[in-house]
Amino acid sequence: MADQEEWSENATEATTISLVRPSEGGNKTIGSFNPKFTYPIFGEEERIFGYKGLKINLRFHAHDMRPNVKVTNSQKFKAVGETEPTDVTEILKEHLPPVAFLSASTFDNATANLDWAPPGELHDTFSSPDASYEIRRGSMTDKAIHQLLIRIEIFALMFIEGGSYIGRNQESQEPFKLPDDAAQWTVFLLYRKQPSAVDATKSEYTFVGYSTVRRFFYFQPPTPPASPKSDWDLPKTEIDVAELPCRSRISQFIILPPFQGKGVGARLYNSIFKHYIESAQTKEIPVEDPNEEFDDMRDLADLTYLRTIPDFAKVRLNSDIQLPKDHTSAVPRDIVNPVLLEKLRVQTKIVPRQFARLIEMHTMSQLSETVQPSFEEKKGSPTAEDKHQYHLWQLFVKRRIYRQNRDVLGQLDSSERLDKLNEALGSVELEYCRLLAAHVQWAKHYENGSAAKRKIDDEAEDANPAKKARAD
């Protein structure tokens, strides 16, 4: 055991990822960072046996993300029987394409093509104080898109909790071959664009991050419903799958560490969301397992978007509703106009759970300062109407919490169930207090320019905005 510990290295600390740019004087490093996770590659304990002073250098050309692997150590364990050092290079061959294992000199001698441009079609552009940015969009069936994806997909394991590959099949004899479901995937690439240091008339691109979106068939019941006796015939022409109604689910979403805290992740998300809002085929825009940081960014962006819709101004608590006499009575279904809510949800393509949270946030923000949950002291004394509104809002939230946790809460007795609901409500109030305070700054962007947006984007992206936590 002593030998095991002595010859064991922390895989995350030993791994350094660098973005380099070929220049006249040799490769120039423009950013280096460690992965957040290495357990999908080197095992749950994130330890590598058999070395002292182990260094795993993963270098990527900053523009086309061509990778290169270099593994060094100060000492290597001499094999004893079946106990031998971990073959780091062999493990990495399962995760990076063959080009990554060419010699370092081949990588170093590669020159940047000043006419190079990212793959895919130009989807969107935006500027920030530090640079201009381009978002490129393309299908995974595009060979150039797929080549880039298999070069960068290792980041999905390194920065997304429970992340997985989509551009390859690890079980296949040809793992880097285009997957069968490639046509269902759209890839969005975010690049920083700056004048070239070599030729100011040319531009140089730096890879910043990416997102992938998968299309799923969306079943729409016929309106009006078809008669059980009505006949159904097969279509006489071939069906274009791309024209079928679908859910466009945001899957992977990664901004590399050197570019976090600049507000670019929110800009990428908003651009993707806008694209699918305008897509006639897309009926819902879910997100696959976002983490807390991504959730925050998404909440702020979605709430800002909703408040630009004229009909959203009609969303408010119905003060005419009378409170139930006791906790055993049914909660009214029209505390907020359900017809209006469903109309808005369908229009905005936001999935039900996310939409419900946004409505709760919005209606909480409408409460009087005398009763509105806040980190600050309440202002003034609440009127009877203020208290009534607050109790209605609490019931509105509790109803959603109960519906989502019906199976568990239904097994508890009445008093324990009420305690659990109140406990959950308290947590929701704290979360919404934090988000609404952040949203005040976020929303100023739309009134006073980009400075406030930059500030709150920085806060939302201080942690890694890769995704994994809650499924829609």
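Keep in mind that glycine also has a Cβ here, set from the backbone N, Cα and C atoms.
A TrEMBL annotation is a machine prediction, not a hand-curated record.
Annotated in TrEMBL:
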- GLU288: active site, proton donor/acceptor (ACT_SITE)
- PHE253, ILE254, ILE255, ASN291: acetyl-CoA binding site (BINDING)
- 453-472: region 'Disordered' (REGION)
- TRP185: site 'Interaction with histone H4 N-terminus' (SITE)
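Locations of recorded TrEMBL features on the structure.
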{"residue": "TRP185", "record": "site 'Interaction with histone H4 N-terminus'", "DSSP (3 states)": "strand"}
{"residue": "PHE253", "record": "acetyl-CoA binding site", "DSSP (3 states)": "strand"}
{"residue": "GLU288", "record": "active site, proton donor/acceptor", "DSSP (3 states)": "coil"}
Site of maximum Cβ density within 10 Å, from recorded positions TRP185, PHE253: PHE253
Whole-number Å value for how far TRP185 (site 'Interaction with histone H4 N-terminus') lies from PHE253 (acetyl-CoA binding site) (Cα to Cα): 13
Cβ neighbour count (within 10 Å, all chains shown) around ILE255 (acetyl-CoA binding site): 25
Alpha-carbon distance [ILE254 (acetyl-CoA binding site); GLU288 (active site, proton donor/acceptor)] in Å: 13
TRP185 (site 'Interaction with histone H4 N-terminus') and ILE255 (acetyl-CoA binding site), distance between Cα atoms, whole Å: 19
Residue pair ILE254 (acetyl-CoA binding site), TRP185 (site 'Interaction with histone H4 N-terminus') - Cα distance, angstrom, rounded: 16
Cβ neighbours of GLU288 (active site, proton donor/acceptor) where a neighbour is any other Cβ within 10 Å: 18
For ILE254 (acetyl-CoA binding site), the number of other Cβ atoms found within 10 Å of its own Cβ: 26
ASN291 (acetyl-CoA binding site) and TRP185 (site 'Interaction with histone H4 N-terminus'), Cα-Cα, nearest whole angstrom: 21
